[in-house]
Amino acid sequence: MSGDSEVRLGLVLPDVLGTYSDSGNATVLSKRLEWRGVPATIVPVKLGEPVPSSLDLYLLGGGEDEAQALAATHLRAHRGLQEAAARGAVVVGVCAGFQVLGTSFVTSGGVEHEGLGLLDATTRPGERRAVGEVVARVDSLLGDEPLTGFENHQGTTTLGPGSAPLGEVVRGVGNGDGSGSEGARTGHILATYLHGPVLARNPALADLLLEWVLGEPPKPLALAEVSALRRERLSGVRFGHRR
Ligand code: GLN
């Protein structure tokens, strides 16, 4: 963690990577810290502003193809995020944010864009848009707490040897490259296709990220509303249409 005991959470380009309410992930992390007595600040970084390299954790959300191309151009030019990642800061990308963290992505118009190369992942448009609820197992990191979220993306993502899949799809599409994988991870750089916001639906994932920031597991935090939301989301999928 940087300097004093306050955790600084970077909300990266919410003006272009904010289409799917993924900014809520910053609120979830900040609240989960605050409820444990750990001060936290959300630092929004807008398009045109340099990305500070001194923050503890960075969040990139989903967005439309053109918006994500703008985001990638901006982030490649201002190297703050890459510098932070190089010193071990936690970086989380959701959907477009996932694709931007990879080495390259092709948008629906067929144009190839360079990503940030923080994940070994390349994205191309798939044959069909993946839309719907997703359940994925992340046994190595989260044990028997599956990930729940929803996806809405055209891109299919293939991982290279430098990144491991985050999880294995039980329902839905995920990376969509035929491997059955969902998301990606290299060290403390983590990405997923799941919206929700994903950290509101998956407190175990939120706390894993906080553990990486704090250097130790955060104190237990039982929230009945969050457990009820998980139960409702997971049972909805179980009884829903199998994709
Ligand atoms: N534009 C990207 C795609 O369609 C990402 C969409 C998203 O962030 N939900 O693949």
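Each Cβ is built from the backbone N, Cα and C atoms, and glycine gets one as well.
Since the structure is predicted, the reported quantities are computational estimates derived from the model, not experimental observations.
If you check TrEMBL, you get these features:
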ACT_SITE  Cys95  active site, nucleophile
ACT_SITE  His195  active site
BINDING   Arg129  substrate binding site
DOMAIN    11-202  domain 'CobB/CobQ-like glutamine amidotransferase'
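On the structure: features taken from TrEMBL.
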residue	record	DSSP (3 states)
Cys95	active site, nucleophile	coil
Arg129	substrate binding site	strand
His195	active site	strand
Near Arg129 (substrate binding site), how many other Cβ atoms are within 10 Å of its Cβ? 15
Say we define neighbours as other CB atoms within 10 Å of the CB. Which of the active-site residues Cys95, His195 has the fewest? His195
Distance check, please: Cα of Arg129 (substrate binding site) against Cα of His195 (active site), rounded to an integer number of angstrom. 15
Could you tell me the mean pLDDT the prediction assigns to the domain 'CobB/CobQ-like glutamine amidotransferase' (11-202)? 97
